[in-house]
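Undergrad: Encoded as structure tokens, here's the structure I'll be asking about.
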Amino acid sequence: MPISHDHKTANALEIQGVGRRFGGFWAVKDVSLSVRPGERRAVLGPNGAGKTTLFNVLTGDLVASAGTIRMDGADVTQTPMHKRIKGGLRRTYQHAHLFDGLTIRETLFLAVSGVAGGWQRFLPLKPNDDAIGKAENLAGMAGLSSDLDREVANLSHGQRRQLEIGMALAETPKMLLLDEPAAGLSPSERPRLAELLLSLPKDITIVLIEHDMDIALRTSDSVSVLHNGRLLAEGSPENIMSNEAVHNVYMGGAHGH
Amino acid sequence: MKSALFILPFALVPFFANDFWLVQIFGRALILGVIALSLTFLAAYLGVVSFAQATMAGVSGYTVAYFGPNSVDVGRELPFYVVLPLAIIMATLSGVIIGLIARRSQGIYAIMITLAVGVAFFYFTRQNYTYFNGWTGFSGIRAPEIAGTNLRDPLPFYLLIISVAMLCLMLVNGFIKSPLGLTIQAVRDAPKRVLAIGIPTTPVIVSAYAIAGFIAGSGGILNVWYQERISSFSVGLGPIVDILVIAVIGGLKHPIGAFIGALAFVLLDTFAVDFIDRERFNTLIGLVLLAIIMGAPDGLHGLAKSWLARFKKRVAENQV
Ligand SMILES: Nc1ncnc2c1ncn2[C@@H]1O[C@H](COP(=O)(O)OP(=O)(O)OP(=O)(O)O)[C@@H](O)[C@H]1O
Ligand SMILES: [Mg+2]
């Protein structure tokens, strides 16, 4: 794809006036933000603030009702989701929906060959296939090595979340959108997740929705706060923690943390 | 691969069965089983119930009729080694077209849209005389003689049928573990998620229908040789529903369900007339279908599987 811009100066993500409407209701309204390459950005906000909807628009799960989305300088507002993924974008879902009839190995294999190509082959796989090796590595990163042949339908909630992350890490993404990856994890699993996030290559841009403040603030260098679909505040974790408007929103009882 | 072994007992049939049982019962069951396998394949792995199997089988059947020996003066004869690949290609293409039409539909909508395609094809064959010879269709269609073996003779024909059935089952069993086969199952489980790993869903769905067309087309060639004729009635509502009934009775969850259902269907179809008159057959089949849907939603295959599991459990308990 010939892209006529300078990679050095382009933001990893640059959105302007982005909105998404359901009927007459704007779940996300007039949001503009930019994320530098390699930046770790947390997105906070009470339930129903529009965080997941914003992700859906960024990935192409939903089309934007307004605004423009640029990734690495290229306008992707109208680009179909699978092409954005091929371009280096990955995401996890808040509510894991996975391929229940496949095994962990098969799922991760598809995640690799979806991006790297090769899913179109119709001859049975050889066990020494390149993509299978990569899938097994991903399983290792996600802590699923011992269950490679387990059917996804039989996984525990925590394992499903881990698999979501393993899938999103296939073929080293440029930008990773994580939607509450710690939700439903046990207190003992949470630090492992934080470790994993911190251990990812520094040039991966990460946008993280997370209600667990500890994880969110430990792994991020900047924070955006959404409220009622709009951007309420933006800044360093310290700034946000002492921001009065943010406190009001969170103390308003909309959220339990 | 294991389930292809299910077909093996059918290979023993020639040792004890007469020509009637060989061709009219077991041969016919395997032919209908191949066509129903096309439906079961889509249902089990793409999660879509399609009504267009008789149509895709009809496309290859008509190709064989038009380009092969027939007793109506329509078409032009080509050598069988050209006709057979052509018939398979046409059926596969019909699968591609149906897949493109139905690619966004699931559940009841997929049923409606594939049914609409089937009915449209039925009316088209009735009205078109140039290629389909209208409602009379083609008769006198004969299987070829290959290397001195006449495929019209019961034993060679049966051996061909059983080979095709076996190959189709092996094709399905091998294919579903291939990257594309896995992708098809991924689309069944979570189509949006497939996009989110970088794979466009349309080519995946269309290729599943293409394989269904390939399988139904293989069965369609055997069927037209078995029937020795083809007309719009061969692609009408009757055969469309028969294939669905076979697949549901056998069980939509596993490829061998198609063959189990086909054997049950052919036995009923052949011998029920000894007990009830012809007109009541549909009532009987309807009751059988109802009993299966209510009592064993996974069909005879599911029923057999749960019996086997229970039996194994009991044996294990007795050993303790
Ligand atoms: N597909 C949809 N159709 C209609 N309304 C929707 C849809 N998706 C989200 N909404 C609404 O948009 C608003 C924002 O939802 P969203 O899921 O983006 O919030 P969130 O910030 O992710 O919340 P949470 O913290 O609970 O995950 C909510 O009021 C929700 O009901
Ligand atoms: Mg959410």
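Placed from the backbone N, Cα and C atoms, the Cβ positions cover glycine too.
Curation does not apply to TrEMBL; its annotations are automatic.
Under the heading transmembrane segment, TrEMBL lists B:27-46, B:80-101, B:108-125, B:157-176, B:197-218, B:230-249, B:256-276, B:282-304.
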Undergrad: Would you say the transmembrane segment (B:108-125) and the transmembrane segment (B:197-218) are in contact under the rule of three or more C-beta pairs closer than 8 Å, pairs 6 or more apart in sequence?
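TA: With fewer than 3 qualifying Cβ pairs, these stretches do not touch.
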Undergrad: So, does the transmembrane segment (B:282-304) come close enough to the transmembrane segment (B:157-176) to give 3+ Cβ pairs below 8 Å, pairs being at least 6 apart in sequence?
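TA: Contact criterion not met.
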Undergrad: Tell me if the transmembrane segment (B:230-249) touches the transmembrane segment (B:108-125). I count contact as 3 or more CB pairs below 8 A, with pairs 6 or more residues apart.
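TA: In contact, yes.
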